[in-house]
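Scroll down for the structure; my scribbles are underneath it.
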Amino acid sequence: MCEGPSRISGPIPPDPTLCPDNYRRPTSAQGRLEGNALKLDLLTSDRALDTTAPRGPCIGPGAGEILERGQRGVGDVLLQLEGISLGPGASLKRKDPKDHEKENLRRIREIQKRFREQERSREQGQPRPLKALWRSPKYDKVESRVKAQLQEPGPASGTESAHFLRAHSRCGPGLPPPHVSSPQPTPPGPEAKEPGLGVDFIRHNARAAKRAPRRHSCSLQVLAQVLEQQRQAQEHYNATQKGHVPHYLLERRDLWRREAEARKQSQPDPAMPPGHTRMPENQRLETLTKLLQSQSQLLRELVLLPAGADSLRAQSHRAELDRKLVQVEEAIKIFSRPKVFVKMDD
């Protein structure tokens, strides 16, 4: 449904066939846009068409570009991002982003390689200094023996005989080797050989071994001494330790016994009445001893009373002694028990 002329302004004109009465097209545009076959009579009459000869369309210099934009659309032109086109046409070639990190690493490696090559060429051109070996400071004042030997003057002539260490010298069990006649060296001649090449050392050592004194091995004596020491140690063990309880075990047994007694005494007696406490054993025995002494003293006084005294004073004294004896006997019976309970004071 059309509500008047279109208000869209752009390179793409609206369709004039929707509302032909609202559009005024020039004659040149009618044949190009609407077409001659439609033969729409917008604002011209048949007489003007008949009398006026048709003219060709007026095409400006930018008409081709406008037509191309109308066919392709303006969105393709507006959304061009760095040569990337959204239209059907051929797009420009996209450039790959440059990796600056790899480029920097490559340049650093090139610089390091060039620096190493310069160092190598510099080292090859200069002599290397020798590294001094470590030497203890206590040998600073000690002269080198090799240096002293090198500084000594050599022999005047090369005809002097050199002194060599023989095979049979400074060897053996520590005893001086027997003097055995050795072959005399022949005077040097024109065909003289080096010293020591004409001596049969194997035969010489065999003769020296036969003539050397034999020494008995001391292994049997050492074995006898070890066996004697073991026998004495076994006898001492049998006499002092075998069959006897060690001293530390005896002490441990006494300690356990004392701990058991203390634990037994500290436990409350089930036969003890409430409000009482058990009298210590030493106090009980001390009290019992005093009661026995009092009993013997009362019996002695009772025996010493006169038998024929019938006075009131004698009778009262006898009755008093009897009453005390009864009390002492009752107390002796009480304190003779293994456990005596005493009432605690409030």
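Cβ atoms here come from the backbone N, Cα and C positions, even for glycine.
A quick note: this is a predicted structure, and the numbers were derived from the prediction, not measured.
Long-range Cβ contacts of the compositional bias 'Basic and acidic residues' (114-125) within its own chain (Cβ-Cβ under 8 Å, at least 6 residues beyond either end) are absent. Swiss-Prot lists 114-125 with the feature compositional bias 'Basic and acidic residues'.
Sequence annotations record features per position, and here Swiss-Prot assigns compositional bias 'Pro residues' to 174-190.
Per Swiss-Prot, domain 'Enkurin' is recorded for 251-343, and the stated evidence type is sequence analysis.
Annotation comment: Swiss-Prot describes Ser91 (among others) as phosphoserine.
Of all Cβ atoms in the protein chains displayed, 7 besides its own lie within 10 Å of the Cβ of Ser136 (phosphoserine). According to DSSP, Ser136 (phosphoserine) is assigned to coil rather than to any helix or strand. Sequence annotations record features per position, and here Swiss-Prot assigns phosphoserine to Ser136 (among others).
Residues annotated as region 'Disordered' in Swiss-Prot: 1-35 (among others).
In the predicted model, the region 'Required for binding to microtubules' (91-171) has a mean pLDDT of 77. Here Swiss-Prot flags 91-171 as region 'Required for binding to microtubules'.
Among the features that Swiss-Prot reports, region 'Disordered' is placed at 114-137 (among others).
Marked as region 'Disordered' by Swiss-Prot: 167-197 (among others).
Residues 287, 339-344 of the same chain, all 6+ positions outside the region 'Disordered' (260-280), place their C-beta atoms under 8 angstroms from a C-beta of that stretch. As annotated by Swiss-Prot, region 'Disordered' applies to 260-280 (among others).
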Per-state residue totals over the compositional bias 'Basic and acidic residues' (114-125) - DSSP helix, strand, coil:
12 helix, 0 strand, 0 coil
Mind checking how the domain 'Enkurin' (251-343) divides into helix, strand and coil residues in DSSP?
64 helix, 6 strand, 23 coil
